[in-house]
Amino acid sequence: MEPLRAPALRRLLPPLLLLLLSLPPRARAKYVRGNLSSKEDWVFLTRFCFLSDYGRLDFRFRYPEAKCCQNILLYFDDPSQWPAVYKAGDKDCLAKESVIRPENNQVINLTTQYAWSGCQVVSEEGTRYLSCSSGRSFRSGDGLQLEYEMVLTNGKSFWTRHFSADEFGILETDVTFLLIFILIFFLSCYFGYLLKGRQLLHTTYKMFMAAAGVEVLSLLFFCIYWGQYATDGIGNESVKILAKLLFSSSFLIFLLMLILLGKGFTVTRGRISHAGSVKLSVYMTLYTLTHVVLLIYEAEFFDPGQVLYTYESPAGYGLIGLQVAAYVWFCYAVLVSLRHFPEKQPFYVPFFAAYTLWFFAVPVMALIANFGIPKWAREKIVNGIQLGIHLYAHGVFLIMTRPSAANKNFPYHVRTSQIASAGVPGPGGSQSADKAFPQHVYGNVTFISDSVPNFTELFSIPPPATSPLPRAAPDSGLPLFRDLRPPGPLRDL
């Protein structure tokens, strides 16, 4: 029996994995070090996708000579190798080793018998150790004990050296989108300045500006993380988590803004009903908690030995379901707004069409990523698609709300200093909040100024207030305004 499979070498520790030609899934770290002490005979260390002719593994392993002998196994991502042995409880060590083809140099024996493994015996405080320079999986008769340090690289370029093959291009993509979103944010601030001068800077537009600003911060932290990662192969996981939280926050702010606009807030009405406020609060709380659960699930339960996409989890599928529910709500809100205010069709028709695509883009992307994109290319492709979806959403809204006379889709036509009119008296002398309102006047009875964001009153209905202005005759049904001057024509930029 060949030395590697001698009875004395009963335990093996496979992982380091992925090989030269098969470009496997993803890896978390390109510089890995630590101490391993386990009773298990098969322990996963890390995962990395090497490029043919460029991929290189530099390592240092040390373990007590009494634990001899241990091996490092390099698995291809071929279905007959890594997927066939990982978490295969019905296979023992020899069975897991048997799928490897020795002629491909996939086994590194960490003993002095193999000079190319770089092993030598050293003594330290009376204990003899085997110190080697090359490796990845090990065997012993009573568990594993190992100090390890590995540097996994793809070429010498700053943009590829520490990156797994499935991560190529992520840093360049993030930098590109960061510059684009900075431009969008500054344009939104400029448009906001113009709108504020015309008293048309409404809460929903401020939410758009906030979403764009948070998106910029998110991409900035992603670039910092990947830039540091490209430098040292380690990165700062806290920075990446912060970037993900900001990315999710931007998405949630934008989603809330879309639902509010669909319901006509700041376009056809100045307030959301009490029932609508409660529904929005419950929905957004549920959506936020699900996002948090998804991040925790990804950090704590994703198996680094497998390639798992963010949405490939119960929390991820829950988010997809909430996205579909949000679209149904969005459709209903837009249809109701159009039914009561058909004069708003120039805004709502393209608005509905554009964001129908956006609502479906996220779940469709998740399904394609889970089932249609090769694992070794998934992370970089999904990153680009996800950022493209966010860019589409922000770019469309920026164009639709640009304050230009040529913009026929401009949604805002009531000043922030105006209060809404009283409607035509309904049965019993009550006033209707939904019917017979003049064009470009809000649907609810009261509209507060939002020159400064007032999030505490965003969705609530204020108590009736006595107006200091003279009131019209009870049966006149004429609207009352604090400022009766129209906003005036929009100027081209």
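Backbone N, Cα and C define each Cβ position, glycine as well.
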Given the candidates N35, N109, specify the residue that Swiss-Prot annotates with N-linked glycosylation site.
N35
Based on what Swiss-Prot says, identify which of N444, N454 is the N-linked glycosylation site one.
N444
State the non-local partners of the transmembrane segment (241-261) in its own chain: residues 6+ outside its ends, Cβ under 8 Å from one of its Cβ atoms.
204, 207-208, 210-212, 214-215, 217-219, 221-222, 224-225, 267, 272, 280, 284, 287-288, 291, 295, 299, 326, 329-330, 333, 351, 355, 390, 393-394, 411
Ranking 175-195, 207-227, 282-302, 318-338, 349-369 by the number of C-beta pairs under 8 Å to the transmembrane segment (381-401), which range is first?
349-369
